[in-house]
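Here the structure is laid out as structure tokens; the discussion comes afterwards.
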Amino acid sequence: MGGGERYNIPAPQSRNVSKNQQQLNRQKTKEQNSQMKIVHKKKERGHGYNSSAAAWQAMQNGGKNKNFPNNQSWNSSLSGPRLLFKSQANQNYAGAKFSEPPSPSVLPKPPSHWVPVSFNPSDKEIMTFQLKTLLKVQV
């Protein structure tokens, strides 16, 4: 997990070399060191495998993978998706069925102060109209 090793390649230097020449030599050694690190990292990640060549080959094949033959038994087993869920459809589902409304006896009763105790038929009609308007149900 540690960092890559640093390769220092000694460059022959003479004592009378100008500063520009020394800077060039330093740049060359840095470039060589960075190239060695890049090669080392590529080998670690891809184990020396060239991924761009594989991508180019896949593109040339038109996206078709030639490594896997067309297996008819595999395709026929997936041809009917209903067969995959057939065993599950026969089992009873214990959850709520949302297609059927719950019976009024199961529903909780509203607090007494929400609803007046006595209703006139006209009050019920007005309340029904108001509820349908609020819920945007066609009257």
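Here the Cβ of each residue, glycine as well, is placed from N, Cα and C on the backbone.
These figures come from a predicted structure and were not determined experimentally.
Quick look at what Swiss-Prot annotates:
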- 1-51: region 'Disordered' (REGION)
- 11-36: compositional bias 'Polar residues' (COMPBIAS)
- 61-79: compositional bias 'Polar residues' (COMPBIAS)
- 61-80: region 'Disordered' (REGION)
- 89-110: region 'Disordered' (REGION)
- 99-105: motif 'SH3-binding' (MOTIF)
- 101-110: compositional bias 'Pro residues' (COMPBIAS)
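Remark: secondary structure over the compositional bias 'Pro residues' (101-110) totals 0 helix, 0 strand, 10 coil, with classes taken from DSSP. Among residues of the same chain six or more beyond the compositional bias 'Pro residues' (101-110), none has a C-beta under 8 A of the stretch's C-beta atoms.
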